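K.L.:
Sharing a structure below in structure tokens format, with a few things to ask.
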Amino acid sequence: MESKGQTPSIPDAESIPSRPEFEAYKPTPPPNLWTVVKEQVKTKEGWWGEFDWKTMCLPAFLVKEKKHVPFWGLNSRLPLVLAIILGFQHSLAIGVVTPILIMTGSGPTTLNLTMEDQQYLLSAALITSALLSLIQITRFKIFGTGYYIGTGLLSVVGPNFASIPATAAVIKNMYASGYCPTQVLPDGTIENLPCPRAWGAILGTSMLTSIFEIGMSFLPPKTIKRLFPPIVSGTTILLIGCSVISTALSDWAGGSGGCAAMPATGFYSKCPNIDAPHALPWGSPEFIGLGFLVFATIIVIGLIVGTVVAAACGYVDGSTISTAPSVTFVWVKTFPISVYGPAIIPFLIVYLDNMLESIGDITASCDVSGVEVDGPRFQRRLQGGLLADGVNSLIAACMTISPLVTFAQNNAVVALTRCANRVAGYFCCFFILLYGIFGKVSAVFLAIPKPVLGGMNAFLFASVTVSGIRILAYLPWTRRDRFIVTCSLALGLGVMLAPGWFSNVFKYNGDNEGLKGLINAVVTVVNTGYCIGSLMAIFLNLVVPKEWGPETLQELEAKEKEERDQIRDGFIRSDTFSESHPLQDLNNSPQVRS
């Protein structure tokens, strides 16, 4: 039944290292539907396998004899019951709906779409994620070339979190410039009205800029890493995490819409508005406590616990679920496609982040899946994954969804369950597809109160920041590195702390629409922390000489310690003094070396 440490001879099969943690069931050729139906559905072994379920399912303290739990590789024959269970587990571990919930909700930097449009986009995001994940998992070779599309790993895709700050900056500019409609309420509050036109512009811009990632995927991965080394990727990811935490905390306190301004009277005097069930002022202790409940029981369990408590306390609006369609699909609603000039550069950086994230996620997926993390096969997987992300993002925009990226959450599930099998990935896609098609299921996410989402997102977005810090931690921290990171964070974090600082630099009031568009684009980029910060990191990484400041902090400390020891002994060795030059004392009288 088991085959330890064997390497299959089949094409594109996983090579199983000799490490004991990757002792696996014997791999088989890449699965297809006919093989599953013919050889597994009709047999008991195909459904349940031949291993000790008791040992595998019971807690360790109840099992007298500890037995080795096998590792299911990419193409190992996985029993269907186990594939269904693990696929369902993977489907719960991804955050497909979170970016859509944030970008389409209410607030000064969101689309403020109607409940009906939000319900549709949540369903469309789930359906799109399910269908396009199949490309990554299956992996296809481009006919007549040596290139691939897809990783051939258990790689699930979904809307990228990096789209949130880019979209927020663009939408804020759209409302300020009159591209999106607003109205003044009787109490003087300016209300941002729904702007589906803006979503169409974001989709069109995403289609155009996705060509960047598609083109870059054909470059050698070593060239990509040389252009965008860890000093660039770490800085970019750090700034992205910092830029979205404020949105999570605003939601935690009650919402980031009109109620966040805390007007004394009017429609938004309570959150999310005065007509909502159990409405309270922004920042109420009830909201803070509800969000903290989720934060303390992160992530999937926390979301469930928080939603149950919120429903029991009357915070959930059941009309969101009751009015949702029973069945839906993509293109039930459409948006007017256009290209918004000021959004091009921010979305190019979104796709740059897509690439940087994908390189790390695919490498991690290979590691936990027991396949090569270096060499030609790994390079082909990396190329296929980057190309699939670019193509998937282009297709996703045609399916009314923002750019997609390979998710990292599934790597943790693979490591915990010891199952990297692609059949489990197919069942994961099946469950996500069901969540999207049945509109009542996706509407549940829309009914979750803002403080519950805020408590969860605060943790998720902070983890993005920590990922950036972790990448930067591997730098040798030469003077060159410190200079580049300092300059990048000075602008990136500064813009977040002082929003709009660049808004009044240009004072053009003419009729030239092209010039207005250029000015809006420049202002949008400079006022978006992660955009200006990452551009600064890329620029300085290319122009600052590699030889500048080779000394690391550790080298400087060691050098200073050596100099102190030498001074204590009466002499010093340095570049300034030759070996035979005597050290002068304070009276300029020569001292004799001991």
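Glycine is no exception: its Cβ is also placed from the backbone N, Cα and C atoms.
Pulled the feature table from TrEMBL, pasting it below:
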| type | residues | note |
| --- | --- | --- |
| COMPBIAS | 579-594 | compositional bias 'Polar residues' |
| REGION | 1-27 | region 'Disordered' |
| REGION | 574-594 | region 'Disordered' |
| TRANSMEM | 80-106 | transmembrane segment |
| TRANSMEM | 118-135 | transmembrane segment |
| TRANSMEM | 147-171 | transmembrane segment |
| TRANSMEM | 198-219 | transmembrane segment |
| TRANSMEM | 231-249 | transmembrane segment |
| TRANSMEM | 287-316 | transmembrane segment |
| TRANSMEM | 328-352 | transmembrane segment |
| TRANSMEM | 394-416 | transmembrane segment |
| TRANSMEM | 423-448 | transmembrane segment |
| TRANSMEM | 454-476 | transmembrane segment |
| TRANSMEM | 483-502 | transmembrane segment |
| TRANSMEM | 522-544 | transmembrane segment |
K.L.:
May I ask you to check whether the transmembrane segment (454-476) and the transmembrane segment (231-249) make contact, with contact taken as at least three Cβ pairs under 8 Å and only pairs 6 or more apart in sequence counted?
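P.N.:
Contact confirmed: at least 3 Cβ pairs fall under 8 Å.
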K.L.:
Please give the sequence-distant neighbours of the transmembrane segment (394-416): residues at least 6 beyond its ends with Cβ less than 8 Å from one of its Cβ atoms.
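P.N.:
Same-chain residues near the transmembrane segment (394-416) but 6 or more away: 86, 89-90, 93-95, 99-100, 103, 121, 124-125, 127-129, 132, 136, 151, 154-160, 162-163, 167, 199, 202-204, 206-207, 210-211, 214, 330-331, 333-335, 347, 350-351, 353-354, 357-358, 360-362, 364-365, 368-369, 385, 428.
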K.L.:
Before we move on, state whether the transmembrane segment (483-502) and the transmembrane segment (231-249) share at least 3 Cβ pairs under 8 Å, counting only pairs 6 or more apart in sequence.
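P.N.:
Between the transmembrane segment (231-249) and the transmembrane segment (483-502), which are separate recorded stretches, there is contact, as judged by 3 or more close Cβ pairs.
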K.L.:
Quick check: do the transmembrane segment (198-219) and the transmembrane segment (147-171) share at least 3 Cβ pairs under 8 Å, counting only pairs 6+ apart in sequence?
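P.N.:
Contact criterion met.
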K.L.:
In the same chain, who gets a Cβ under 8 Å from the transmembrane segment (328-352) while lying at least 6 residues past its ends?
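P.N.:
Answer is 116-117, 119-120, 123-124, 127-128, 160, 162-163, 166, 169-170, 173-174, 179, 196-210, 212-213, 228, 236, 390, 393, 399-400, 403, 436-437, 439, 442, 517-518, 520-521, 523-525, 528, 530-531, 534-535.
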K.L.:
Take the transmembrane segment (522-544) and find every residue of the same chain, 6 or more past its ends, with a Cβ under 8 Å from one of its Cβ atoms.
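P.N.:
For the transmembrane segment (522-544), the far contacts come to 162, 165-166, 169-170, 173, 227-229, 231-232, 235-236, 239-240, 242-243, 342-343, 345-346, 349, 352-353, 480, 483-485, 487-489, 491-496, 499-503, 505-506.
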K.L.:
Under a Cβ pair cut-off of under 8 Å, which of the recorded stretches 231-249, 287-316, 423-448 contacts the transmembrane segment (118-135) most often?
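P.N.:
The listed stretch sharing the most Cβ pairs with the transmembrane segment (118-135) is 423-448.
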